[in-house]
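Residues or ranges marked as active site by TrEMBL: Asp261, Asp644. The UDP-alpha-D-glucose binding site annotation in TrEMBL covers Ser225, Lys231, Glu232, Asp261, Lys416. Per TrEMBL, the feature Mn(2+) binding site maps to Lys417, Asp441. Here TrEMBL flags 1-57 as region 'Disordered'. According to TrEMBL, the transmembrane segment annotation covers 129-151, 163-184, 714-738, 744-767, 839-862, 874-893, 905-925.
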Amino acid sequence: MPPTPDNQPGDKPDGPTVYPPPSSRFRSDGQGHVRMGSHVSDADGGAGGGNNKTDRRVSILKNNNKSMLLRSQTQDFDHNRWLFETKGKYGIGTAYWQEDQFGNDTGMSMQDFMDKPWKPLTRKIHVPAAVLSPYRVLIVIRMIVLAFFLAWRIRNPNREAMWLWGMSIVCEIWFAFSWLLDILPKFNPINRTADLAALKDKFETPSPSNPKGRSDLPGIDVFISTADAEKEPPLVTANTVLSVLAAEYPVEKLALYISDDGGSILTFEAMAEAVKFAEDRRWIKREYDEFKVRINGLPDVIKKACKCTTKTKKCKKKRIKEKNEGVLPPDEKIEFTKATWMADGTHWPGTWFDSAPDHAKGDHAGILQIMSKVPEYDPVMGGPDEGRLDFTGVDIRLPMFAYVSREKRKCYDHNKKAGAMNALVRASAILSNGPFILNLDCDHYVYNSMAFREGMCYMMDRGGDRICYIQFPQRFEGIDPSDRYANHNTVFFDGNMRALDGLQGPVYVGTGCMFRRYALYGFPPPRANEYTGVFGQVKTPAKTIPSDEEEPLTEEHPDLNLPKKFGNSTMFNDSIAVAEFQGRPLGDHFSVKNGRPPGALISPRPPLDAPTAAEAIAVISCWYEDNTEWGDRVGWIYGSVTEDVVTGYRMHNRGWRSVYCITKRDAFRGTAPINLTDRLHQVLRWATGSVEIFFSRNNAILATRRLKFLQRVAYLNVGIYPFTSFFLVTYCFLPAFSLFSGHFIVQSLNIAFLSYLLIITLTLVCISLLEVKWSGIALEEWWRNEQFWVIGGSSAHLVAVLQGLLKVIAGIEISFTLTSKSAAEDEDDIYADLYVVKWTALFVVPLMIIVVNLVALVIGLARQIYSVIPQWGKLFGGAFFSFWVLAHMYPFAKGLMGRKGKVPTIIYVWSGLISITVSLLWIVVNPPQGNTRADAHSLNF
């Protein structure tokens, strides 16, 4: 047994034998050299003297034997004294640095260890295997069971009602196909998180390349779009502007643009009031109430001012004529038409209250107004002010803010919102040229001031140069607590979008999206992959952009060609390379590809001058896009009412990827229509855009090899889902047909059919529960989504398919009204709009489904009651599916009843007409016949 301090005898006399010290990383000063034959000096009392306590202590202190040093008076080994009383040597490292450990010629110091290592800005968090593995297994099981069930259904037709069996089997096959398109892209959901502290350390901490610690973050241009000051109140837009101005991002790197596509003076004056309110920096509650009053009173104030100005100019002209004997001098030109006047007495160049040539919606000059200039380079600190907030030590600068209204003329196609966004892209490239663009609707305000930084973490991280956009989830306010019409849409935003993030990225949904400007210009990513094979399982690197000396790429797909025609603005064309360079990640590590050097973006932005502003006005003219690739390959894509989905699809098709950024605190919040009619019209517009995508070259079937297989499936589902409406409406009527005819979709409710139905239902329930688990949505939200899927599918989706077919076949264009973003007029009840019943043709089919199923239940029950031999099994099958349909239609029926549960007269009229029509039609198709048997004088239906 090797000798250690623990096993040495305590009463052993000192002798010439010395045991080696124990092996440990903690070394004492006396462990370096141990002398042989060391003894206690006899001069201090001799070997056998000193029986008192003092002599014993001195003897112990002078003894070199470690066992004597490290033992207490009770003869037990003292671990604390062994470890800490002997001044241990620790070597070198971040905890302790021993200067003379490795000599003085190594060139290393403590600072070399204290420098922070390279840290990633984001982290990918996978869904736990305990949830994801059963989820995938159940999907595979349900796919197999569905295949066997459909095969069984085809092999076992209902000979008594082949027409009923035929319709049901076609619908069921389509539903299985539609379910596959929806569920397959959900195989790999993921979560992400951003490290804001690491972002600050990288870009805003003093370093050799940035001695003063100025922000090295790239610039962001924020776009807010509005089109109608009546349906999109200026106060709502002003609130969004104020929220952006207060965002936590370097002021000198932020620029805000508002696109007023209606050219309204109300929006213009409201933006001026918003900037003034932000500059005043007063107490929020009191001053904001006054601000709201001023904004809401703008229509009356401006109209009164216009009348006064017109009257004043008319009187002035009359006075001049009187002085000159009724003749107006040629040098005096005074116009007093019913114009819309600005506060300084000049004509408003946009749309007038009383339309006139060159001053109407769709026919007005371009307007660009810098309402807040480029901020100073150095921070401007505030101070205490009586009656206002104390801004001591707070930077009081405001970002640059510009009002933009593009030129519109009657002979041009202005391409709705997509055209307005492209005009902003060009104008902002001239004025600020931020390498990233954040797109917001006028009713989506910034709810998380750190959202800009979280999005930038993904763009600036390793591999961020391949990201085309960061999509934030949409969150809504003002939704009724029960969310009757699934306005929150959490199944899509927290389920589908999170799952797509595990593939090639989420789709672009129109707002709350941070774009890479270079990707919007139609260029491919610096690195991309191609996916070949039946299921895209073979991954190979794609060709990169060639240099000037190399031969150009010859691609078989037009989306992979390089954009060339940006317009005739030299200043804009020169800005493209600058935006690409400034949007690169920080090249602070060898693993970062395509990076830029640190400190490249700390220089000040040049101030705006007159030639720059004139060039910005020129690029928003209506003729600028002639003979260019804007809307075809560059910018937002034209040709669809859902330009957002198409724009994102084109980027993914070139090999870019996107990221879904879910922040702990909602990044943005907006409003959504809670009225049934408005909600259905909104869904109608989305579905019509999907039909347009299906019949265009943007169909995912025609995608490039750079689109992943499951991403292709997801985009294919975007174009196909409205067509499910035909089969859904048919299937909703099948229970009624079954009750009317006395037959069911199967010959009988046998064990095989019920077993298949049970397994399919149970697997669907388990899949849904696991999906609720990994997505974080509530079970009630999932059920509301299922209900509105039936309501929207039987109304808006059906009409969308018909409208899409008319556009493709007959070339009939489809126009949509803007979704109203104004609040309910009843201030006492914020949900008053929920109970307003506004009749629309979209109500007809769902109403027919409800009425027909109710009539069928009565007829089916009566038939079995008055039948000689009741067949309750057939009644049970049809009645069960009828109740399934009616349960899904419950929110629709509740919406028709209004606040007090009273059904409008028009509903009774339509219900009566439908009931009578269905009854008469069924009598004609299947007239009742008397039973000729003597023992049965009943009536057969």
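Yeah, the Cβs are placed from backbone N, Cα and C, and that goes for glycine too.
Unlike curated records, TrEMBL annotations are generated automatically.
Close to Asp441 (Mn(2+) binding site) in the fold, though at least 6 residues off in sequence, lie Ile224, Ser225, Gly510, Thr511, Gly670, each with a CB less than 8 Å from its CB.
Its Cβ taken as reference, Lys416 (UDP-alpha-D-glucose binding site) is surrounded by 18 other Cβ atoms within 10 Å in the chains shown. For the transmembrane segment (163-184), the partner stretch with the highest count of Cβ pairs under 8 angstroms, out of 129-151, 714-738, 744-767, 839-862, 874-893, is 714-738. Counting Cβ atoms from all protein chains shown, Asp644 (active site) has 24 others lying within 10 Å of its own Cβ. Sequence-remote contacts of a segment are chain residues at least 6 beyond its ends whose Cβ falls under 8 Å from one of its Cβ atoms, and for the transmembrane segment (129-151) they are 169, 172-173, 176, 179-180, 183, 187, 189, 756, 759-760, 763-764, 766-767, 770-771, 773-774. Here UDP-alpha-D-glucose is bound by Ser225, Lys231, Glu232, Asp261, Lys416 per the record. The longest Cα to Cα distance in that group is 16 Å. Here the transmembrane segment (714-738) has long-range neighbours at 164, 167-168, 170-171, 174-175, 178, 181-182, 185, 496, 500, 503, 507, 645, 649, 652, 687-688, 690-691, 693-694, 698-701, 703, 707, 744-745, 790, 793-794, 797-798, 800-801, 804, 845, 849, 852-853, 855-856, 860, 874, 877-882, 884-885, meaning same-chain residues at least 6 beyond its ends whose C-beta is under 8 angstroms from one of its own. Within 10 Å of its Cβ, the residue among the binding-site residues Lys231, Lys417 with the fewest other Cβ atoms is Lys231. Cβ atoms under 8 Å from those of the transmembrane segment (874-893) belong to residues 484-485, 676, 732, 734-736, 738-739, 742-746, 749, 784, 786-788, 790-791, 846, 849-850, 853-854, 856-857, 860-861, 863-864 of the same chain, restricted to positions at least 6 beyond its ends. Nearest to Asp644 (active site) in space, judged by Cα atoms and limited to the recorded positions Lys231, Glu232, Asp261, Lys416, Lys417, is Lys417. Closest to Lys417 (Mn(2+) binding site) in space, going by CA atoms and restricting to the recorded positions Lys231, Glu232, Asp261, is Asp261.
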